[in-house]
Amino acid sequence: MLSNISAGENSEVEKIVVKCSKSGMHNYIFITIPIIYSTIFVVGVFGNSLVVIVIYSYMKMKTMASVFLMNLALSDLCFVITLPLWAVYTAMHYHWPFGDLLCKIASTAITLNLYTTVFLLTCLSIDRYSAIVHPMKSRIRRTVMVARLTCVGIWLVAFLASLPSVIYRQIFIFPDTNQTVCALVYHSGHIYFMVGMSLVKNIVGFFIPFVIILTSYTLIGKTLKEVYRAQRARNDDIFKMIVAVVLLFFFCWIPHQVFTFLDVLIQMDVIQNCKMYDIVDTGMPITICIAYFNSCLNPFLYGFFGKKFRKHFLQLIKYIPPKMRTHASVNTKSSTVSQRLSDTKCASNKIALWIFDIEEHCK
């Protein structure tokens, strides 16, 4: 069994057995997955590069949300630039021609992106919750410095979680076929450590963040529903936006997390069936595509839905240089949020989109 010989997934070479050596080796995988990887690469580089340029050149990272979104775009960029390597790797029937160093770098970039993306999306949901539900109480804490320190902590924790890829990920050459794979190669004595890391990926990398994101946006929806109780159409818009955020996160990541857990069961010999091996090895690259398609959608959802971001984006494509003006800090804006939420003028300016607006003002 070639257990999860694909981008960013666990592979215990010592447990490869001859009777399952063809699991996951299907021609449609070698054709379809590289095409999808290439598509994600093009769209991801384009979308995330625009986010970086707009925030850095026009918005100057003056709010917590803009700092989080900038780091989210940079994290996604670090990942998507490795996709051509994985596309070639898959197209060559899981043969890695790029050497040991790129194997480690590309694999680490994937794990790093997984944790930074999830943690940053969680921080964005908490920031939106604080700004909308507790604008006055959160004013002191919601500063750019706090956001930057939070991002430093996120990158540090994500790197520590990626250390198994740095240490164990390497090329391995099968002597009978001369096939070179990029895999996690470790002794059988380390299996429980690797299983533990996979479970951490399930719990810390998905379940806990999902609960926080779901709770944050549920409370946001409840607050805005009370504010706009008399405006049914507005409530529907807000509700749809919040549901889109939660469902996008859930459906992009849950398939990959389920297959990661199945892989844990395989590593622990709980599952010892070649048919199930084939299902996991075949499905894993597909779930990877679904999960990391999120890297394409993030900038559009969290950036282009914002009114001010769209304005600066249009300036960029029209080659209009950024205006030399001081952007109002979120600290000077938050004191009037409570009044704005009840103001009819702000209601007419699509407050539903304010959930995603990283400059946080309604004019």
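Backbone N, Cα and C define each Cβ position, glycine as well.
Annotation comment: Swiss-Prot describes 1-27 (among others) as topological domain 'Extracellular', evidence class similarity to another entry.
Residues or ranges marked as N-linked glycosylation site in Swiss-Prot (evidence: sequence analysis): ASN4 (among others).
CYS274 (disulfide bond) carries a helical DSSP state (H, G or I). Taken from Swiss-Prot, the feature disulfide bond applies to CYS20-CYS274 (among others).
The transmembrane segment annotation in Swiss-Prot covers 28-57 (among others).
Among the features that Swiss-Prot reports, topological domain 'Cytoplasmic' is placed at 58-63 (among others).
Sequence annotations record features per position, and here Swiss-Prot assigns transmembrane segment to 64-91 (among others).
The feature topological domain 'Extracellular' is assigned by Swiss-Prot to 92-100 (among others).
According to Swiss-Prot, the feature transmembrane segment maps to 101-127 (among others), an assignment based on similarity to another entry.
Summarising the annotation, Swiss-Prot assigns disulfide bond to CYS103-CYS182 (among others) and lists sequence analysis as the type of evidence. Around CYS182 (disulfide bond), taking its Cβ as the centre, 29 other Cβ atoms fall within 10 Å, counting all chains.
The average pLDDT computed for the topological domain 'Cytoplasmic' (128-143) is 83. As annotated by Swiss-Prot, topological domain 'Cytoplasmic' applies to 128-143 (among others).
The annotation transmembrane segment is assigned in Swiss-Prot to 144-167 (among others) on the grounds of similarity to another entry.
The topological domain 'Extracellular' annotation in Swiss-Prot covers 168-192 (among others) and rests on similarity to another entry.
Look at Swiss-Prot and you will find ARG169, TYR186, LYS201 tagged as angiotensin II binding site. Its Cβ placed at the centre, TYR186 (angiotensin II binding site) has 20 other Cβ atoms within 10 Å.
Residues or ranges marked as N-linked glycosylation site in Swiss-Prot: ASN178 (among others). Shown in sequence order, the list is empty: the chain has no residue 6+ apart in sequence with a C-beta less than 8 angstroms from the C-beta of ASN178 (N-linked glycosylation site).
Taken from Swiss-Prot, the feature transmembrane segment covers 193-218 (among others).
The topological domain 'Cytoplasmic' annotation in Swiss-Prot covers 219-239 (among others).
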Where CYS103 (disulfide bond) sits in the secondary structure, as DSSP reduces it to three classes: helix
Cα-to-Cα gap, CYS182 (disulfide bond) vs ARG169 (angiotensin II binding site), nearest whole Å: 7
Cβ contacts of ARG169 (angiotensin II binding site) (under 8 Å, same chain, 6 or more positions away): CYS103, LYS104, SER107, THR108, CYS182, ALA183, LEU184, VAL185
Neighbourhood of LYS201 (angiotensin II binding site), C-beta criterion under 8 angstroms, separation at least six: LEU114, ALA161, GLN257, THR260
Pairwise Cα distance for TYR186 (angiotensin II binding site)/CYS274 (disulfide bond) [Å, integer]: 22
Stretch-level contact, the transmembrane segment (64-91) and the transmembrane segment (193-218), CB cutoff 8 A, at least 3 pairs: no
Candidates CYS103, CYS274: member of the disulfide-bonded residues with the richest Cβ shell (10 Å): CYS103
